[in-house]
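> Before I ask anything, here is the structure I am working with.
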Amino acid sequence: MKKVKIALLGLGNVGCGVWKILNSNKEEIQKRSGYEIEVAKILVRETKKDRGVIVPEEILTTDFNEILNDKDIKIVIEVMGGIEPAREYMLKAMDKKKHIVTANKMLLATGGDEIFEKADSMGVMFHYEASVAGGIPIINGINESLTANKVEQLYGIVNGTTNYILSKMETEGLSFKAALDEATEKGYAEADPISDIEGFDAQYKLAILSSLAFGTKIDVENVYREGITNIKSIDMDYAKEFKMVIKLLAIVKDVNGKLELRVHPTMIPKNHPLANVYDSFNAIFIKGNAVGDLMFYGRGAGDLPTGSAVVSDLISILRSNIDLENINPVVKNNLWDKKIRDIRSVESKYYIRTTVEDKPGVLGEITTILGDCGISLRSVIQRGVESPQHDKVTLVLVTHYTKEAKVIEAIDEIYELKTVKKIDNIIRIEDFKN
Ligand code: NAP
Ligand code: HSE
C-alpha cells in the first residue's frame, strides 16, 4: 500500500470531524483511495486544549512553517476558517506544490479568484466540497452531474444554524437566543455567529453555488442579503395560518439572461419539499432545463457531516495521481458574463406586518397608498385590541405579485402616516410559480 502524509490547519469542530472519520473509517478510506494516510502535523493556536479527541501531542504545532517546509506533506486540509492567515497559508502551500482541501466559504466567496488562479498556475488540486451545505455533495453535483443543463433557478437552505433556530422556534417555541445557543453547542455556528444569523454565511454560499451553476464570476456584494434576527414567533403564527413556513432561502434565478441573487427570510408553502427541511438539515432545489426539478438534501453543518465532505475531497485527490505535474486545472467559472438584476426589480408577493392606531380610516389610508403605488392586496388581517389602552392593533397585509421598487415606495409613504406606529416586518413570499 502506498503511503501519503497530510496536514490539517485547524482542529476545531470540522478538524475533529475529519480526524474522527480518518480513524473510524480507516480501512474503507485506504481501500477507496489506495493510500495509507498519515496525519503528519496539525496546526492549532493552543496545543494543550481539550478537544474531546485523542491526538498525539507531538503532531500538534503552532508553527505553520513545520507544515510548509515538510516536503513529504503532499496535501493540506484547511479547516481553520477566516480570511487571514488561512489565505496566506493556502497560497504558500500551493507554491510548494501541495494540494489543498478547504471548507472556507468566506475566503472562497470573497477572494476565491486569487486562490483558483494559484491552483491553476501551480497545477495543484483544489477541492472545496465542504464549503457549501456541509455533507451534501452539491459542488460535485453541479460541477460534474449537471453540466448538460442550463440552470434556470436554484433555491437553497444553505445555513444549518439559521435553519436550526427557525425550526426550534417554529416547532418547540424556543426563543431565538436559546436556539442559537444550542446550535453553537452542537458545533453548527461559525466562530462569530453573526455570520450565520445575519445571512453572510448563506450569502457566501450562494455566491459560490451561483458562480458554478451559471459559469460566471459572482461578486458577493451583488448578492442581496437579509438575516433572520427580525423574525418573531408572531410571524411564524401568521405563516402557519397561511399554510406556510418561514425559511432563510438563498435564491438565484436567471431572468431573461440577468441573474437575480438574494438571501432573505422567505415564506414558502408548507407542501413544498423545502418547507419540510428542519433542524440543521440543508437542501438545494434546482431547476435545470433538461433535468427538471432536483433536490439535494442532508446535514448542512456539524463535525461528521462536514468531515465527510472534506475526507471525500481528500480521497478524490488521492485517486488522481498526486505525483503527476499539472493534474487538475480547477473548474472554470468565468465562461460567461452575466448581468445582475437589482433587488428593486425583483417580483414577489409580500407579507407586511404593521402596528397601527385602532381607529376608523387607518386601513383606508394604507390601502390608498398601496393602490396609488400599483400594489394589489390579496388579504388583510386585523386582530382585535392588543394594548391595554385600546390604541394599537396588528395589521397584516399580504400582496399579490408586485415589484419590490413599488413596495419600497409604498412603505416609505406608509411610514409617514401618523396612525402607523411601526412597520414590524416585511417578508417575501415565494410560491415557486414565478
Ligand atoms: P472552529 O471550531 O472555530 O475551529 C477552528 C480551528 O482552527 C481551531 O482548532 C483553531 O485552533 C484553529 N485556528 C484558527 N485560527 C488559527 C490560527 N491563526 N493559527 C492556528 N490555528 C488556528 O471552526 P470550525 O467550525 O471547525 O470551522 C472551520 C472552517 O470550516 C470554517 O471555514 C467554517 O466556515 C467551515 N465550515 C464549518 C462547518 C461547521 O459545521 N462548523 C461546516 C462547513 C464549513 P485552536 O483550537 O487552538 O483555537
Ligand atoms: N455555520 C455554518 C452553518 C456551518 O450553520 O451552516 C456550515 O457551513
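Including glycine, each Cβ sits where the backbone N, Cα and C put it.
TrEMBL lists these features:
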| type | residues | note |
| --- | --- | --- |
| ACT_SITE | K205 | active site, proton donor |
| BINDING | L9, G10, L11, G12, N13, V14, G15, C16 | NADP(+) binding site |
| BINDING | K105 | NADPH binding site |
| BINDING | E190 | L-homoserine binding site |
| DOMAIN | 351-428 | domain 'ACT' |
> Between C-alpha atoms, which of these recorded positions comes nearest to V14 (NADP(+) binding site): K105, E190, K205?
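Among K105, E190, K205, E190.
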> As a test of reading the model: what is the averaged pLDDT for the domain 'ACT' (351-428)?
92
> For a quick check of understanding: among the binding-site residues L9, L11, V14, C16, which residue's Cβ has the most other Cβ atoms within 10 Å?
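Selected residue: V14.
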> When you tally the Cβ atoms that lie within 10 Å of each candidate's Cβ, which of the binding-site residues (G10, G12, G15) has the highest tally?
G15
> Round to the nearest Å and give the CA-to-CA distance linking G10 (NADP(+) binding site) with the residue listed as 'active site, proton donor'.
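A Cα-Cα distance of 21 Å.
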> I'd like the Cβ neighbour count for the residue listed as 'active site, proton donor', meaning other Cβ atoms within 10 Å of its Cβ, all protein chains included.
27
> From the Cα of K105 (NADPH binding site) across to the Cα of L11 (NADP(+) binding site), what is the distance in angstrom?
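Rounded to the nearest whole number, the Cα-Cα distance is 17 Å.
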> Around ligand 1, within a Cβ distance of under 6 Å, which of the recorded positions L11, C16, K205 show up?
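Correct list: L11.
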> Starting from K205 (active site, proton donor), work out which of the binding-site residues listed here (G12, G15, K105) have their Cα within 10 Å, and give them in sequence order.
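Among G12, G15, K105, the ones whose Cα sits within 10 Å of that of K205 (active site, proton donor) are K105.
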> Give the sequence-ordered list of residues that share a chain with N13 (NADP(+) binding site), lie 6 or more positions from it, and have CB atoms under 8 Å from its CB.
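In sequence order, G187, G302, D303, T306 meet the Cβ cut-off.
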> I'd like the Cβ neighbour count for the residue listed as 'L-homoserine binding site', meaning other Cβ atoms within 10 Å of its Cβ, all protein chains included.
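The Cβ of the residue listed as 'L-homoserine binding site' has 20 Cβ neighbours within 10 Å.
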> I need the CA-to-CA distance for the residue listed as 'NADPH binding site' versus L9 (NADP(+) binding site), whole Å please.
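Cα to Cα, the residue listed as 'NADPH binding site' and L9 (NADP(+) binding site) are separated by 15 Å.
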